[in-house]
Amino acid sequence: MARPLQRPAGLGPFVLLWLLLPAPSGRGVQAGRAWPVPRCPAACEPTRCPPLPRCSVGTAPVLDRCGCCRVCAAAEGEACGGPLGRPCAPGLQCLAPRAPRLLGGRPLGTCGCPAAGATVCGSDGRTYRSLCALRAENRAARLRGALPAVPVQKGDCGDPGTGSAGWLRNKFNFIASVVEKVAPSVVHLQLFRRDRSPLGSEDVPVSSASGFIVSEDGLIVTNAHVLTNQQRIQVELQSGVQYEATVKDVDHKLDLALIKIEPNADLPVLLLGKSSDLRAGEFVVALGSPFSLQNTVTAGIVSTTQRGGKELGLKDSDMDYIQTDAIINHGNSGGPLVNLDGDVIGINTLKVTAGISFAIPSDRIRQFLAEFHERQLKGKALSQKKYLGLRMLPLTMNLLQEMKRQDPEFPDVASGVFVHEVIQGTAAESSGLKDHDVIVSINGLPVTTTTDVIEAVKANDSLSLLVRRKSQTLILTVTPEIIN
């Protein structure tokens, strides 16, 4: 009887498992051999890093895959990846071939420029498919001892440097497009006063303002409060050309004025948009020349399109102002407030405090211009009007609290009209009125709104003002000017 075959003790089932596995050839074993990959140290110790070899020309040392030791980066066309994870030089990618080679069980690739990228123009006049391609060309140029090219602009060399229309800079720089369209029609106003002395007379600059062109033959809209009687008005265009201007129409209730210059050629004009279509939250741009700095631009959003005059304390006013947080400074008055289409939707008028500014809606400007043209057609002369020379606000509770916060010595009053600004060279300045005064009464009658002041000016040739200034109580006499 044949004895059963005995398997050696200790082999257990491993022999059977080995017998079930196919026997690989020697070549296959070598190709599938797993090379050990060094582990990254728990803590980086640069003192234990191997010496850095001399890197090839055009490449710089980079950190290894562990982020600890410096190694030579692979240049374009050199191998990358592998068991040690050799990195490519900055700007290059490790591109794996369709049939990747394996080293130590890890794929090997070749460093190269990424396929996608914006074209750039080099100083050598050549267009490169990407900034990476230009740098790669520079590395090759250094090896040849040639002069490397410098990137001079984005886009092709034939482009004027604006770049691709899809770039974020062009896509979202909508305000720059508005300014480019509007700025040529915004003008700077310089107002002069004639000072007479025994030695002669001279024109002294007293204030500056802004305006915008509404007709090709030189009609310009600005604020009424920036104009004073017997002043010379000089208008400077964006090109730097200067003209003398004459006043054509003034409406102090609307705070609008129309002046005229005689240009040598047609001027660029701004179109009036419909302020009634404006929505709260829209972007707006304010242009002007505050502090005589031409082409000053601020941007903001519309807080409300109908800040009623009655809400501001103007009980007899039917004006609805545009409130915005676009900055309006001294000298910015009279400049346009435009929407993103470049249409005028208001005229910059007043800044109450930081982040709160007001503009007269363009629908009122359109009405003002229509009435002027109607008078021109009928041949009516411009009537004479009285002018005090103030920018004022009703002293509401909110304004009183804000002024108390800014100036602890602000007068302790319950009502009145706040003098925001005294225009230089006017009757108001001659009377002794100053900025931040509070007019309490005129000719013995209390005033609480700007309309009260306007009606008093119309009805009287001489005004006796009861004024509070800090802790002082003053009585000032003023005679309004007569202007055309």
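A Cβ is built for glycine as well, from the same backbone N, Cα and C atoms used for every other residue.
Taken verbatim from Swiss-Prot:
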- His225: active site, charge relay system (ACT_SITE)
- Asp255: active site, charge relay system (ACT_SITE)
- Ser333: active site, charge relay system (ACT_SITE)
- Cys40-Cys66: disulfide bond (DISULFID)
- Cys44-Cys68: disulfide bond (DISULFID)
- Cys49-Cys69: disulfide bond (DISULFID)
- Cys55-Cys72: disulfide bond (DISULFID)
- Cys80-Cys94: disulfide bond (DISULFID)
- Cys88-Cys111: disulfide bond (DISULFID)
- Cys113-Cys132: disulfide bond (DISULFID)
- Cys121-Cys157: disulfide bond (DISULFID)
- 36-114: domain 'IGFBP N-terminal' (DOMAIN)
- 105-159: domain 'Kazal-like' (DOMAIN)
- 390-472: domain 'PDZ' (DOMAIN)
- 209-369: region 'Serine protease' (REGION)
- 1-28: signal peptide (SIGNAL)
Going by a 10 angstroms cut-off between Cβ atoms, which of the disulfide-bonded residues Cys40, Cys113 has the sparsest surroundings?
Cys40
The one of Cys49, Cys80, Cys121, Cys157 whose CB sees the fewest other CB atoms within 10 Å, among these disulfide-bonded residues:
Cys49
Rank aside, I only need the closest one: which of the active-site residues His225, Asp255, Ser333 has its C-alpha nearest to that of Cys88 (disulfide bond)?
Ser333
Sort out for me which one of Cys66, Cys68, Cys111, Cys132 has the most neighbouring CB atoms within 10 A, since those are the disulfide-bonded residues we care about.
Cys111
Taking only same-chain residues 6+ apart in sequence, whose CB is under 8 Å from that of Cys94 (disulfide bond), what do you get?
Ala74, Cys80, Gly81, Pro87, Cys88, Gly109, Thr110, Cys111
Going by C-alpha positions, which of the disulfide-bonded residues (Cys49, Cys132, Cys157) is nearest Cys68 (disulfide bond)?
Cys49
What does DSSP say about Cys132 (disulfide bond): helix, strand or coil?
helix
How many Å separate the Cα atoms of Ser333 (active site, charge relay system) and His225 (active site, charge relay system)?
9
What subset of the recorded positions Cys55, Cys113, Cys121, Cys132, His225, Asp255 lies within 10 angstroms of Cys69 (disulfide bond), using C-alpha positions?
none
Going by DSSP, how much of the domain 'PDZ' (390-472) is helix, how much is strand and how much is coil, in residues?
25 helix, 26 strand, 32 coil
Between the Cα atoms of Cys55 (disulfide bond) and Cys121 (disulfide bond), find the distance and write it as a whole number of Å.
28
